[in-house]
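J.: Shown below is the structure under consideration.
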Amino acid sequence: MVLRSGICGLSPHRIFPSLLVVVALVGLLPVLRSHGLQLSPTASTIRSSEPPRERSIGDVTTAPPEVTPESRPVNHSVTDHGMKPRKAFPVLGIDYTHVRTPFEISLWILLACLMKIGFHVIPTISSIVPESCLLIVVGLLVGGLIKGVGETPPFLQSDVFFLFLLPPIILDAGYFLPLRQFTENLGTILIFAVVGTLWNAFFLGGLMYAVCLVGGEQINNIGLLDNLLFGSIISAVDPVAVLAVFEEIHINELLHILVFGESLLNDAVTVVLYHLFEEFANYEHVGIVDIFLGFLSFFVVALGGVLVGVVYGVIAAFTSRFTSHIRVIEPLFVFLYSYMAYLSAELFHLSGIMALIASGVVMRPYVEANISHKSHTTIKYFLKMWSSVSETLIFIFLGVSTVAGSHHWNWTFVISTLLFCLIARVLGVLGLTWFINKFRIVKLTPKDQFIIAYGGLRGAIAFSLGYLLDKKHFPMCDLFLTAIITVIFFTVFVQGMTIRPLVDLLAVKKKQETKRSINEEIHTQFLDHLLTGIEDICGHYGHHHWKDKLNRFNKKYVKKCLIAGERSKEPQLIAFYHKMEMKQAIELVESGGMGKIPSAVSTVSMQNIHPKSLPSERILPALSKDKEEEIRKILRNNLQKTRQRLRSYNRHTLVADPYEEAWNQMLLRRQKARQLEQKINNYLTVPAHKLDSPTMSRARIGSDPLAYEPKEDLPVITIDPASPQSPESVDLVNEELKGKVLGLSRDPAKVAEEDEDDDGGIMMRSKETSSPGTDDVFTPAPSDSPSSQRIQRCLSDPGPHPEPGEGEPFFPKGQ
């Protein structure tokens, strides 16, 4: 009841974050009495400089202290006769110095995690204010509290930031980088990252040098190289800040990859410019050779970092081939090789960020094909957790370091820096987008340009680079650091808090949270192959052509070396299908929909009953050459012959439409069949004279109807109405009987004469030639009997039109 009603009328949702903050601050009490994260001397130094201390219970791994007569414990319960006094056995001891550093680090991480939980418990705050802003505020409060009790707050050391906090964030971004969107927009990203960063650095440095000349006595002594160095530090977009803000607003994939890709790839430009101007500041005179070497160092730093990352990525992929028997250590290789790539690049002053991105992109497809799904899940969640904790610590220590650092405020310099940063960003984006849209198919709209310009956030990288400046060579480094912190706070707080309402106000397209299906993958690969073929036909080799070449090389050579077993020969579509099936199975398990699947106990029992045997590969029987040739011959003779296909496109060898050609062939076959059927019918009927068309027959009958009028009654042909065109429906028996009945009513002599004629059969007479200009007309002979005349008339005129007195015309079957 107390939990439901709350305490003093307050809901538990409001009490819980407050309790988290109180617990975190109470846990930081030992830190308030210490010197923050400043590493203390080693244990051996502490023990040698301090007086001998009491050995605690937990101190079991260190060597025992030297025992001296003065340090031996005294036992007051023993008499002085023959025995020395000693102290009582210590039951409990406190030794904070021994666990100081790991204890404080754990407390800071615990504070960061509790703050993240507290922010997401209160949805009203997290929906308005970005998480990075809240973490900076927490850092400011903790730093002010530490300073308020008279202690020195911990400061974010540059080595700690670059060697321990930044690599997890970059590795997480590089390993799970959306490679398709990144490669399709690589040209645009490189222009923004290289040309845009150079423009911001030189534009801001030149204008700040002009401000220093007219700004007053405090900033008159800042030279051109110092301002250019300051411009190179403050001009780069920070990937940590961009990730923290853009992940919350769920912007569409195009804008996200453009801004985030720029923040990743501008590291090479920032590193080169920083070291270049730092070295030039110590020179009395800078020549053309120095400028050329500085320009050359950009390619060395960028390409060298990529090369280092590729080498370590290939080594990691090759190592994962042999981890099938030791699945536990599979995720460790990914972390170690990636971190070694970063450290190796930093060792030679190359771009460590480029090395991390290259190693993650190269190793991922081959490592995922070799490792188990559990290892893949471990890598995914560990990287997400590690990067999230590092990002939280960076923003907290950014606030703490703001309180702890020494600052030098100058209104003219700070306000001019903030104003010129915004102007340089807007002008750079507008100018570069105008040039880029000339070559892009999908143009960047004014809304997209506004989001790209507004999303240029600065963060802890600029702060750490500013902190690295040596005060001996750069006396105004405190002023630089103050201006950098001001720009960071403005971009994170003002731009970070207002970018979400602006995205909603401008109705910018957001990211669609849809699951990728196998149908989408099939259509994507189909379109890729189609565009590759179109590029080959047109003779224009774009990125689809080179992507297809790279995929063929990867499938033919690289996969065989870096992927173990039969997975190297598995098509990409089948691999994607297996991946989708595994993902759906995991989602089914997590959702609790496993009612119909056997439990773990039944599965284990079935495995015990039926022991697992090694999978045996199906071996097809080998065919002899004679048998194979016989099969080919049978197929060639019985299968339909396929049409010949042209191997290449040529305007002189265009083929007809296959559908039109097939239709024409079908019409020709039908016409030939009709002609053959007509020939067969004509052969069977054997007409006595030339056949007339129905039109000529009607005209002839109409001109002389008496010549064709029957002089006696004709026999009636009975036709089955169910099948009027069937010759089987004619009743020849009834027809003969009807003829005999009709003959009884006439003269017996005539009937006998007709019977004799009928017995004589039908005589085929040759037709006399008619005179020119007259038609061939059938004229019955006077000596012919009526039945003979009827049969001859039917044979000579098989037309469809009936004679007078007849019923429906008779059509033979098939006509």
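Keep in mind that glycine also has a Cβ here, set from the backbone N, Cα and C atoms.
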J.: Can you identify, from 223-249, 574-600, the stretch that Swiss-Prot calls transmembrane segment?
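T.: Checked against Swiss-Prot: transmembrane segment maps to 223-249.
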J.: Would you say Swiss-Prot puts F155 and E346 in the same topological domain with respect to the membrane?
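T.: In Swiss-Prot, F155 shares its side of the membrane with E346.
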J.: What residue among S44, S568, S697 has an entry for phosphoserine in Swiss-Prot?
T.: S697
J.: Look through S517, S613, S648, S783 and state which residue has the annotation phosphoserine in Swiss-Prot.
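T.: The phosphoserine feature in Swiss-Prot corresponds to S648.
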J.: Need one number: mean pLDDT over the region 'Interaction with CALM1' (633-815).
T.: 55
